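Chemist: Below you'll find the structure I mean.
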């Protein structure tokens, strides 16, 4: 037992079994196993030789290049010197042309990004058969880019150019007619209003009924009109141009003139991103409209330098990135009606631009550090209202017309023959009927293949207690009588009527006659053959919606009738008791 204990016992500090670690300069030295001798392989030697050989070759090339340059300088003559100067001058002029073309994108600070945008624009022009140049109806000449039009007309493939006058709902009818008459002397021009249903992804509203039945209230809605005329123009090109396959239609123009909104309106869905700031569209995007037409969306182009006031007022440059926002506001005050601007911002009695901006900053609470009113922030707020359309404006066409330098009489004649300009003028006249001046209570919604009659009857009716209490409109459908608290006419496609929701003494009854729920095949057959399938699907969808609504209304009416019968039965029982 004693041997086992001594065997398992750890040796003490003074014993031989415990050796102290060696120290060197006061630090412990740990013993490391000796490393094996390094073996030099043949591959390492070969790689080292290859590197040396490569280095010698590079040095030899540099020496030869220096020798050739010295020999060239020795035998250089005046003639070769002049040729070299001319060559460098040509290269410099080519670079200047590229820089001028890149100035079409001054809102981009990065030169690489500007080059990328220009490449996207050139791709759209190269791949397209027809180019749609979108113009703002408030300032069509200011939105035209003659440099871009010249590029399109000079491109290979005999490109065609069509002008689209967008946002005609923001301009009086007479001014739009004058601009159409002015622009049709040069190129085919189509009046258009894009859909403004930004929160809806599919089934954007498009006006397909006869436009002579529309009124000014149509422009206050979010529906699109002018699309049928534009599709007819493209169809004429496919027919007269003898196009066998599909065509590509490029959509170009300044930022925020409505290029992407036009594509979404034709597609009737949110196919492209839209926004109220420049630079939303960054790359070319192809949208399939049907099997014959494909649309190409391009980034916005901007002619002129970055400091031009007109470019800023056309919303070609982001307002928040402006270094001097006061100068454009001064231009607005010089050209616009001061009374309307004063009433809009609630300021008056200002003499200079600084006084006006100080008053606006006071109204909006725009201050710097120390409580000083910020004229720059007030100017940016005014410019934001300007570019968003809150401050209305429009320009007049020139009194006399002269063809631009890039357009000739032959080009105008060719465009007139290809796109059937007379048919386009008649279609524009029909579209302009929507701008008729006058008050109207009708609201035109989506195309509805069903016809619904709403007749007002003056026959007496027994008062319904719930209808009188809730002050709702009384309806009569067939043999059932009931009420609806807030009828949604916009969804049902009914014309808007002046309804007295307070039940008068001679109660009026709205009788909704029975309507044929089948799709109107005759109206569908009258549409474009390419759109008949979509029209039939829309008709069937509306049929299901109306069927659900009628079932829901019938259920409500039956419940109300049953509740009335229960109340009458209880009152009789109480009287008997």
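Glycine too: its Cβ is placed from the backbone N, Cα and C atoms.
What Swiss-Prot shows for this protein is this:
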type: BINDING; residues: 166-169, 253-260, 297-300; note: GTP binding site
type: COILED; residues: 43-103; note: coiled coil
type: COMPBIAS; residues: 1-30; note: compositional bias 'Basic residues'
type: COMPBIAS; residues: 42-75; note: compositional bias 'Basic and acidic residues'
type: DOMAIN; residues: 118-304; note: domain 'CP-type G'
type: REGION; residues: 1-75; note: region 'Disordered'
type: REGION; residues: 9-28; note: region 'Required for nucleolar localization'
Chemist: Where does the mean pLDDT land for the region 'Required for nucleolar localization' (9-28)?
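Modeler: Taking every residue in the region 'Required for nucleolar localization' (9-28) and averaging pLDDT yields 55.
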Chemist: For the compositional bias 'Basic and acidic residues' (42-75), jot down how many residues DSSP puts in helix, in strand and in coil.
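Modeler: When I sort the residues of the compositional bias 'Basic and acidic residues' (42-75) into the three classes, I find 33 helix, 0 strand, 1 coil.
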Chemist: Across all chains shown, how many C-beta atoms besides its own are within 10 angstroms of the C-beta of residue 255 (GTP binding site)?
Modeler: 25
